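Enquirer: Please find one structure pasted underneath; my questions will follow.
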Amino acid sequence: MYKTNWMYKTNSFGATEILEVLKNWPERSIQVIVVTDGERILGLGDLGCQGMGIPVGKLSLYTALGGVRPSAEYHELLEEFMTAVKKNYGEKVLTQGTASVVLAGLLAALKVVGGTLADHTYLFLGASEAETGITELIALEMSKQTGSPIEECRPKIWLMDSKGLIMASRIDSLTLGKGGTFTQDVVEAMGALNEKPLIFALSNPMSHSECTAEQAYTWTQGRAVFASGSLFPTVELDGKTLVPGQSNNAYIFPWFGLGVIILAAIRVRDGMLLAASEALAEQVTEEHFAKGLIFPPFTNIRAISAHIATKAYERLPRLGDLVKYAESCMYTPTYRSYR
């Protein structure tokens, strides 16, 4: 993998200056751009320039997991940046995978908890961009499965903040940050309402997780179907070994980086995200379910990425074995042996 460099941009730049800075970048063949404003990286909060390691790490994952070859006001600033990037590099795609991965976990979990996506009710602790993005994708999948307008699907999904359920009557008093933690009484209430409650504790790092895997399993007598943003260790409970799942957007975004390059796509549509979720859920086997997993292990991540990519290739003329075609397009670093 090649050495990664980065650049910083301050609010003092305007649209013209951003373009000039980008023109000074020595590499002209740009395939993937990872950008952050440092305002809120993962669940870590505002890290300022010290957060640059996160997008640099994501660039590495595009290559390692997806096979991509390495190479005045807030909204005004975003507009200026996107305008300059588009003008300097042409049409590019901004993607992320959190919502799609969570939806995949829900789709896979239905094989354990039973019913359809629309048969269940969903509660989110927190109402930030991450939570609202996930809720909208769930509603879109419900709409696709049932043929109902998305407006009829959204009431199945509830959000709460530190002050309680979010209702139209209190929009002006929202606290849109993190909702806090899953307390024991909340988890036990989930267990009382559901034979197999599905609990996603997505905040990172592990110290910020809404609850631990051990808490989720203990408070539900081992009946919870659990996944988290950071991978928790296995839990021994009443003679059973329970294996927590990891709902990590690395399942999705590296393949998008490769897929959109191969397809020369300039937009990621909702249907592509839904297809990616469905493809990821399809790769969870009975063996995985028996261990309590609702995501396939990362040990075979390249094959997982290739399988997800084939969902997009289905729109193209037949290319033979689509998975093999996707794998053939992946960059694989090879190193010279000196022995």
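Including glycine, each Cβ sits where the backbone N, Cα and C put it.
The following feature annotations were taken from TrEMBL:
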DOMAIN    13-107  domain 'Malic enzyme N-terminal'
BINDING   R40, N204, N248  (S)-malate binding site
DOMAIN    95-313  domain 'Malic enzyme NAD-binding'
Enquirer: Given the binding-site residues N204, N248, and counting only Cβ atoms in the protein chains shown, which has the most within 10 Å of its Cβ?
Expert: N248
Enquirer: Quick one: average pLDDT across the domain 'Malic enzyme N-terminal' (13-107), no decimals.
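Expert: The average pLDDT of the model in the domain 'Malic enzyme N-terminal' (13-107) works out to 74.
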